[in-house]
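Asker: What TrEMBL shows for this protein is this:
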- B:12-100: domain 'NAD(P)H-quinone oxidoreductase subunit 2 N-terminal' (DOMAIN)
- B:130-424: domain 'NADH:quinone oxidoreductase/Mrp antiporter transmembrane' (DOMAIN)
- B:12-31: transmembrane segment (TRANSMEM)
- B:43-63: transmembrane segment (TRANSMEM)
- B:110-127: transmembrane segment (TRANSMEM)
- B:133-153: transmembrane segment (TRANSMEM)
- B:165-189: transmembrane segment (TRANSMEM)
- B:209-234: transmembrane segment (TRANSMEM)
- B:246-267: transmembrane segment (TRANSMEM)
- B:279-298: transmembrane segment (TRANSMEM)
- B:305-323: transmembrane segment (TRANSMEM)
- B:329-353: transmembrane segment (TRANSMEM)
- B:374-396: transmembrane segment (TRANSMEM)
- B:408-429: transmembrane segment (TRANSMEM)
Amino acid sequence: MILSTLIWFPILGAIALALVPSRYLKWAALILSGSILLGSLWIAYQFDITQPLIQFREDLPWLATLGLNYQLGVDGLSLPLIILNTLLTWIAIYSSPEATERPRLFYGLVLLISGAVSGAFLAQNLLLFFLFYEIELVPFYLLIAIWGSEKKSYAAMKFLLYTAVSGALIFVAFVGLVWLQGADSFAYTALAGNTLPLWQQLILLAFVLIGFGIKIPLVPLHTWLPDTYVAASAPIAMLLGGVLAKLGTYGIFRFGLGLFPEAWGTLAPGLATWATVSVLYGATVAIAQKDIKRMVAYSSVGHMGYILLGGAALTELSLVGAVAQMFAHGLILAILFHLVGMVEAKVGTRELDVLNGLMNPLRGLPLVSALLVLGGMASAGIPGLVGFVSEFLVFQGSYAVFPLQTLLCVVGTGLTAVYFVILLNRTCFGKLDNAIADFPKVEWRERVPALILSLTILFLGLQPTWLVRWSEASTHAMVAVLPPVTQVTTLAQVLDRE
Amino acid sequence: MDVANLASQLNAGAILPEGAVILTLMVVLIGELALGRASAARWTPYVAIAGLLLSVGLLCLQWDLTPTLSFLGSFNADKLSIVLRSIIALSTLVTILMSIRYVEQAGSSIGEFMTILLSATVGGMFLCGAEELTMIFVSLETLSIASYLLTGYMKRDPRSNEAALKYLLIGAASSAVFLYGLSLLYGLSGGETHLSAIANALAQGTNHLGLLIALVFVIAGISFKIAAVPFHQWTPDVYEGAPTPVVAFLSVGSKAAGFALAIRLLTQAFPAVVEQWQFIFTALAILSMVLGNVVAIAQTSMKRMLAYSSIGQAGFVMIGFVIGTEAGYASMIFYLLIYLFMNLGAFTCIILFALRTGTDQISEYAGLYQKDPLLTLALSLCLLSLGGIPPLAGFFGKIYLFWAGWQAGAYGLVILGLVTSVISIYYYIRVVKMMVVKEPQEMSDVVLNYPAINWTPLGMRPLQVGLFVTLIATSIAGILSNPLFTLVNNAVVEVPHLQTANAAKTPMAILPTTTPELPAPLVSNSDSTAL
């Protein structure tokens, strides 16, 4: 029941917001999202971390003709993402400005997205996942198109079309799998451990990879990302980068790795290389940016590459690292987008060439700058912060399998440090120009989201067990069923085996 | 043959629902003549609505009866025909709800309008069960001629006249071609007019070329009715010129009748050339999906956009038709049912907007959410449902279609369907964007001067009811689609010739369909086609 609550409470709440007087709208939205945050934490409390299987199962018959049943469940892979989703929803609602236009629609859509994303993470039926995956499409379109900044209309349409194509590809993969397998239902458990020939698995996996690759996004499917992230307002960019991109990585792990382990093993070297290309591309392009929001957006492209690398290496450690990286990246990207949004709101620009000396204790934005430094450090993987933990686990786990790719990715983290140094150096340090330094004061309540996020980043960086223990049992089970990757490294060997 | 025997052969009870419609039609017509236009306008619409509800109710009562051939075999009241007749009656019902105010405001007579519309309905309903060539042609012409009249109903509007003339000329030509196809069938089968007798006679004959020519002619006639590309040329102009409620009826009721004709005529009379007609329809489906959805992007008029979108939607429906499996037919009919609500819902909204502002241009919808949130919500949901966004009904309709198509091995068609659905999302969301996203300062002039919302004038209440009914159906019919789909599936399972078409084409059907003792002639057909 509790899992359904996570989905339906926000969705019904979104509808109920229509009846709330406009003065209390934000409070109502905060209470709704706060209660699902508590709900997800309660699930975490009840969650048995030694148990690798799906927990809190719910199973109701729905459209049996289609093989679509209402099947929910949570395991170590989805639990951290659920918490991330509910946490970032609350923060997005909290940090949205008081003067948001058309607040009823705004909060309603955010809550709707929260419910749909939870539904996608919890769905144990492929078609149910697809349904939830498609539901968030139009709300996100509207959130970008109505509350975005310049070029919002173009960006929103681009986002919509890319995501719709991604949905179509995923649908083809799912339907193809069920048909080839001869199953009469889209239930995940019935399809995991399928016995398809390798070439069929490879074709289906290719559809899954490209479909979710658009969502993540991986180079070269990423062209929608800079436009969309930049056009979206800060709370929406937070949700886009923090939560929505995780639907892609989650999908690749759950439906790529989980359903086609053999094909995944075959493609693993290619995937690791793909991940490396993404990492290096994202980092180098970020260095060239003049707009800090765009820079953060490209940093996301790079960081998603680590997750794919961890998945490709397929060791227990690298998978734990990848799941941790999903959570860590969500937190870090959220804080960065939040602070960049704050800088833009207070200073009025995002141009690197204009920004200067915000660290100035009297006339600048000292706390915002300090937290921005923290966020940048976390993103660059400085020890003591959560980014380090997950990246270290990924690299440690992957090095034995793909030494070259891992080393190149380590170079990528170095490049991350480069562009964050550029960003921080230009924005926070230097001499503040007195002519423009007349910024509105940062209220204490505006600092709350960034403080919560940075404390979480710091705490999980110092106490990483709290981050990784949820997924250990599940990833262990995932690896246990897999053929070791190192045995099959080239396509030629695969063809020989056939 | 004595009278009692003849009466038992007639089985006149089978057409009671049509009888109810005809009776209503006469009450409406005579009522208006007797009491004058102004006073009749107050009650005739409700009589028409009541009559159609009665007709649907009678159809429901017939559901559990054993299907019998009536009128000496020319009318088949099986479950398939019951479902399709209900779709047509319902589409007329919703069309009447939306047309009262429209016709009233245009200053024309609502009684006459409804009389013609009900005649078209009767024609369409008979077409759904017709199993005999003369019957098919007469009911098809009843539907067509009534449609021509409706198209030209706004006689003072030159565009309406132009549309009627175009529709009439092209329609008459296509009827002639269709009739020629039927005459070939008649000749080839040695003078048979009943569909299964024709199939039986043709199975033994060898005149393949003649049969193919007849097939092509018949398909041309049907494609005209369902507006499949390349027989769609009349659609945009007619849709733009004709009164909007008529367009709504043409795009749903008339189209459903066309599909009903296709199911019955092609599967029953042409089992010898299943491969061929499925091939032709595959081509039509591909062309319709691509052209309908691509050209719709460029439209600036709402009615024209929906005209092209309805061509594309017909393409999706044809996927279910060409794969020839039971699940395919069931999902096709289910989609027609869903399409009825979402498309008529969209038309209701357009009519409401046109009544209040007098325009159909998409750009004039800018900023509507501020002035009329209900209309914005309803039109957005209907359009998104047409685009296949979950959890609306259209999403489930498409899933059923694509899943059936994939199971039957029509991978190319399904992938093309998915791609064109993505394209269709683009132009549907464009309208939603106009209404929802535009800032107050970007509002169009007509929206700026939007009249106060007033549901009291004559005919506005029915419009409101129609809006809510279609809106609710569009929102929940997908989520609760299990009973509906089961119903449709039962209707399809009981029709024997749909299963033979299936067995001939794809032996690897979804469910192991146990086809118990088929009627003798049909068995021989399936043998001959299986070769």
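We number each residue from 1, going along the chain as drawn.
Glycine is treated like the rest: Cβ placed from N, Cα and C.
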Asker: Would you confirm whether the transmembrane segment (B:329-353) and the transmembrane segment (B:279-298) meet the contact rule of 3 or more C-beta pairs below 8 angstroms, pairs 6 or more apart in sequence?
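Answerer: Not in contact, no.
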Asker: Is it possible to list how many residues within the domain 'NAD(P)H-quinone oxidoreductase subunit 2 N-terminal' (B:12-100) are helical, extended or coil according to DSSP?
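Answerer: Helix (H, G, I), strand (E, B), coil: 72 helix, 4 strand, 13 coil.
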Asker: Would you say the transmembrane segment (B:133-153) and the transmembrane segment (B:246-267) are touching, if the rule is that at least three C-beta pairs must lie under 8 angstroms and be 6 or more residues apart?
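Answerer: They do touch: at least three Cβ pairs between the two stretches lie under 8 Å.
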Asker: Could you tell me the mean pLDDT over the domain 'NAD(P)H-quinone oxidoreductase subunit 2 N-terminal' (B:12-100), as a whole number?
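Answerer: The answer is 91, the mean pLDDT of the model over that range.
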